[in-house]
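Asker: Before we start, here is the structure in question, set down as structure tokens.
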Amino acid sequence: MPSAFQFQCHLVLIFLAASKGDTRYLEVRDAGEDDPFLLLSEDLKRELSAGQIYRRSLRCIDMLSIEGQFTFTADQPQLHCATFFIGEPEELITIHYDFVSIDCQGGDFLKVFDGWILKGEKFPSSLDHPLTTSQRYVDFCDSGNIQRSIRSSQNVAMIFFRIQQPGNGFTVTVKKNSNLFPCNVISQTPSGRFTMVIPHQHRNCSFSIIYPVVIKISDLILGHLNGLFLKKPSAGCAGMGDFVELLGGAGLDPSKMFPLADLCHSFHGSAQMKIGCDNTVLRMVSSGKHINRVTFEYHQLDLQETETRKENSIEEFCFPSI
């Protein structure tokens, strides 16, 4: 039986899309051939822990969650291809070009994007990323040998490419680096526990879970008093400068998701919410005046939980996008 993360990856592959102008979508073909989730095997990771380098060929549509060296060689014109990289929440991803043989003048391209794009939506959103959208793209045909290593700003990155001449291709080495203060994160699993800390930085950070979930916040430090407020058109925490919001939606971009609740003040205890959306996001907005911290846990929402109202729980449902 496929694991939960395998199911998540299938969703990613099915709805996979990448474009610089957010208007061109990838054509997904043969996503189910072989088993693209072999790399997620814990046995494989243990076997490679002795310092071995994992090597394998890339598919036109692929996903990787492990370090190694990966090669793509076109056996026919490949016009719409992408590889998605994901690490643990506290990891950054470095992609290094070992070898590239493509025809830039003939229309081929090989680009790294700092984050993910799914169906034209970006994570992190443009509002939450330190770079502009154009700066998040590194085009090999423009940079060549000048920039052969690219490091992501969060635990996800991607490359997308077009190679028209059979026999052409590239080889990349993927490595993980520690991130002391993870900011924008996509969860690999439908359940877990995480503490997000923003130390005196004026930035916004989102933790994305691509599942309907029950999320419970157990500790929030913003330097204020206690309180939790449901989102209303005339209310909210925007004037506070530092707050946490819960978002839900069917896409990937937090800025396009429906706001469900605001938490404006510090508390120690338990605030729980059921969110029946395809994607759930906890987003912390920080003014830079405080060391903000939030601890939360989450697990996938099942049918029984949607029908059972629990104590100290805020019931909510996912509004369709307009």
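The backbone N, Cα and C atoms fix where each Cβ goes, and this holds for glycine too.
Automatic prediction, not curation, is the source of TrEMBL annotations.
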Asker: Cys60 has a disulfide partner in TrEMBL; which of Cys81, Cys104 is it?
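Answerer: Going by TrEMBL, Cys60 is disulfide-bonded to Cys81.
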Asker: If you look at what TrEMBL says, which of Cys205, Cys264 makes a disulfide link with Cys237?
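Answerer: Disulfide pairing in TrEMBL: Cys237 with Cys264.
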Asker: Rounded to an integer, what is the Cα-Cα distance in Å between Cys264 (disulfide bond) and Cys205 (disulfide bond)?
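Answerer: About 15 Å separates the two Cα atoms.
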Asker: Far apart in sequence but close in space: which same-chain residues, 6 or more away, have a Cβ under 8 Å from Cys183 (disulfide bond)?
Answerer: Pro124, Asp128, Ser153, Gln154, Met196, Ile198, Arg203, Cys205
Asker: Relative to the Cβ position of Cys277 (disulfide bond), how many further Cβ atoms are located within 10 Å?
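Answerer: For Cys277 (disulfide bond), the 10 Å Cβ neighbour count is 25.
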Asker: Using Cα coordinates, what distance in whole Å links Cys104 (disulfide bond) and Cys81 (disulfide bond)?
Answerer: 16
